[in-house]
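K.L.:
Structure provided below as structure tokens; questions to follow.
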Amino acid sequence: MSGAALGLEIVFVFFLALFLLHRYGDFKKQHRLVIIATLLAWYLCFLIVFILPLDVSTTIYNRCKLAVNSSPAESNGSYVTLAPSKQKCFKPWSYIPDGIMPIFWRVVYWTSQFLTWILLPFMQSYARSGGFSITGKIKTALIENAIYYGTYLLIFGAFLIYVAVNPNFNLQWNQLQTIGIAAANTWGLFLLVLLLGYGLVEIPRSHWNGAKRGYLLMKTYFKAAKLMTEKADAEENLEDIMEEVRKVSESIKYNHPLRKCVDTILKKCPTEYQERMGRNMDDYEDFDERQNSYPSEKSLAKLHKQVIYSVQRHRRTQVQWQILLEQAFYLEDVAKNESSATRQFVHTFHSQESENKIIQYFYTPTVEWYWECLLRPWFYRVLAVVLATFSVVVVWSECTFFSTKPVLSLFAVFIQLAEKTYNYIYIEMACFLTIFFLSICVYSTVFRIRVFNYYYLASHHQTDAYSLLFSGMLFCRLTPPLCLNFLGLTHMDATISHKNTQPTAYTSIMGSMRVLSFVADGFYIYYPMLVVILCIATYFSLGTRCLNLLGFQQFMGDSEMTSDLIDEGKELIRREKRKRQRQEEGENRRREWKERYGNRDDSTRSRAVHTDQKESSFSETSANRSLSKYTRSNGRTERDRIELLQDAEPLDFNADSVNDDPLESDSGR
């Protein structure tokens with residue numbers, strides 16, 4: 001089993017990152033380099049979280065071996081036995097051989113740092129650039145990142161000057177490396193505490209509110225009103241941009257040097273706009289440089305950038321509106337089915353997507369009713385209580401992890417108790433649950449936050465390239481300080497525990513933070529205590545209230561603006577519901593008519609054709625045409641007379657041919 005657990009987790013984490021990226025990104029439309037870079041960033045960050053518990057268990061076993069080697073001992077198979085107390089040091093099932101973890105962490109850490117500080121910022125500017133060539137996009141990206149890179153070089157230079165002026169330090173390569181790591185971790189820890197303080201409160205509260213059906217329905221109405229405003233704004237913005245594209249397309253003809261740039265812009269437009277512009281374009285006219293003023297390539301690049309952004313935003317709002325409608329209809333169905341006497345869940349609208357037959361077999365309407373109306377609210381309440389308990393433990397440990405005598409951090413207490421009995425399964429499970437909960441609090445906040453329309457992770461393949469790359473940057477910057485904070489909570493970091501013991505392989509590649517004593521003994525220890533203030537602010541929704549005061553409408557139960565938006569969203573949902581009901585009723589009527597009268601109409605039509613053929617043959621052999629005409633007309637069925645009336649063409653009205661005296665017409669006839 002040596003190294004097998006490491007290999008399994010590497011494969012599992014890869015598919016987990018691939019699944020999440022497929023949910024938010026679009027593999028078909030987005031550039032391959034964007035997909036690969038984002039996947040690599042997410043994969044490395046998730047990998048650190050999953051592999052770190054194995055590093056902890058391996059370090060505890062190595063400490064046991066060192067303790068045995070320093071005292072009389074004897075070896076017995078897969079464990080080492082202490083001679084005085086006969087204590088056994090069992091090798092963990094997930095033991096990783098010496099020398100593998102330091103190399104593994106070094107590759108993972110420095111690759112993630114290269115991504116977050118150099119490659120991903122450059123790719124962000126490259127992806128948002130409106131250039132028409134690779135060289136133009138690279139030039140734009142370098143110009144935009146010049147200030148970005150200069151700022152971080154300035155920060156690194158400040159740390160470097162501090163160490164150079166201090167006479168207690170001699171500048172060496174390892175110390176320079178440690179200074180760079182300390183600078184990156186300081187920036188990441190600053191952002192980590194902000195996101196962690198929000199997630200520790202919001203995640204349990206969101207699950208508790210998930211058990212309140214009325215609350216969820218009201219919030220959905222509120223979202224519908226806001227999304228409709230955003231959707232209308234996106235449609236209006238797209239119309240304005242398409243009008244500019246139309247004017248440019250009409251002014252720049254087929255033989256203009258910039259026509260290739262215009263064609264590139266047209267390819268990014270929606271299909272209906274492309275067809276409309278293609279019909280109105282006359283490519284037979286030559287351009288005259290003296291008569292018309294044409295846009296420059298720089299202005300076309302700016303227009304290209306606006307087209308990409310507006311089309312992506314319009315598509316995203318359309319998809320989100322349909323998803324929100326389905327969610328609102330489903331919540332209304334749940335509220336309606338709660339009082340059902342049959343205890344079978346009845347949907348107002350059938351699902352447009354075909355469900356799996358296995359799911360349909362087990363997830364029957366009765367099972368769905370019990371889950372949605374009875375079990376799910378209680379499940380969410382129990383889960384919210386468990387998550388709230390974890391949050392309280394994390395807040396307590398963040399405020400007391402610097403205390404070693406006595407040990408006040410609860411996570412450190414649990415790990416030390418398991419370390420005495422060398423229960424590696426318990427150690428790995430405790431470490432995994434702890435760091436997994438911390439990661440969920442931080443990463444979920446990254447997925448939830450929205451910086452206007454510049455950064456927004458939207459599910460169902462609606463996230464743009466800029467937001468995907470930005471999320472990869474945040475993950476790579478947040479994960480290393482998150483892991484160091486976890487090791488501090490469990491007292492596995494020698495800087496916190498103040499013990500002369502073997503450090504973990506992850507801590508060893510970070511170097512000794514004693515090079516910067518004010519960071520190691522001050523910022524890393526006391527700054528995480530601010531999580532208490534942030535949790536209190538999140539609990540009382542201070543951020544939401546501030547955004548409301550600034551004019552950004554947020555969901556608040558005691559606000560008049562919220563009530564107005566809820567009423568507006570409720571009316572929008574009711575309107576869309578009536579519209580969809582009329583569509584389904586029309587489709588059902590057409591389907592029933594086709595099933596009921598489709599075959600009869602075909603047989604009736606064939607009989608009518610056969611009868612007409614017989615009548616025409618009879619008219620050819622008849623001597624008296626007028627008599628046969630009246631005989632045929634009397635023998636027709638009622639349906640044939642109706643068809644003759646429908647097929648009769650109206651006479652054209654001609655004022656010159658109309659006579660006032662009917663006798664003149666008779667005499668003329």
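Note: Cβ is positioned from N, Cα and C throughout, glycine not excepted.
Note that TrEMBL annotation is computational and uncurated.
OK, TrEMBL features for this one:
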- 224-251: coiled coil (COILED)
- 582-617: compositional bias 'Basic and acidic residues' (COMPBIAS)
- 618-634: compositional bias 'Polar residues' (COMPBIAS)
- 635-644: compositional bias 'Basic and acidic residues' (COMPBIAS)
- 658-669: compositional bias 'Acidic residues' (COMPBIAS)
- 576-669: region 'Disordered' (REGION)
- 6-21: transmembrane segment (TRANSMEM)
- 33-52: transmembrane segment (TRANSMEM)
- 103-126: transmembrane segment (TRANSMEM)
- 146-165: transmembrane segment (TRANSMEM)
- 177-201: transmembrane segment (TRANSMEM)
- 378-396: transmembrane segment (TRANSMEM)
- 425-446: transmembrane segment (TRANSMEM)
- 466-489: transmembrane segment (TRANSMEM)
- 523-542: transmembrane segment (TRANSMEM)
K.L.:
Does the transmembrane segment (103-126) reach the transmembrane segment (425-446) with at least 3 CB pairs under 8 A, where each pair is 6 or more residues apart?
P.N.:
no
K.L.:
Within the coiled coil (224-251) only, compute the mean pLDDT.
P.N.:
92
K.L.:
Between the transmembrane segment (425-446) and the stretches 6-21, 146-165, 466-489, work out which stretch tops the count of Cβ pairs under 8 Å.
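P.N.:
Highest pair count goes to 466-489.
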K.L.:
Residues of the same chain, at least six outside the transmembrane segment (6-21), with any C-beta under 8 angstroms of its C-beta?
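P.N.:
Hits for the transmembrane segment (6-21): 35, 38-39, 42-43, 46-47, 50-51, 54, 94, 96, 100, 104, 468.
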K.L.:
Go through 33-52, 466-489, 523-542 and flag the stretch with the largest number of C-beta pairs under 8 Å relative to the transmembrane segment (378-396).
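P.N.:
It is 523-542, which has the most Cβ pairs under 8 Å.
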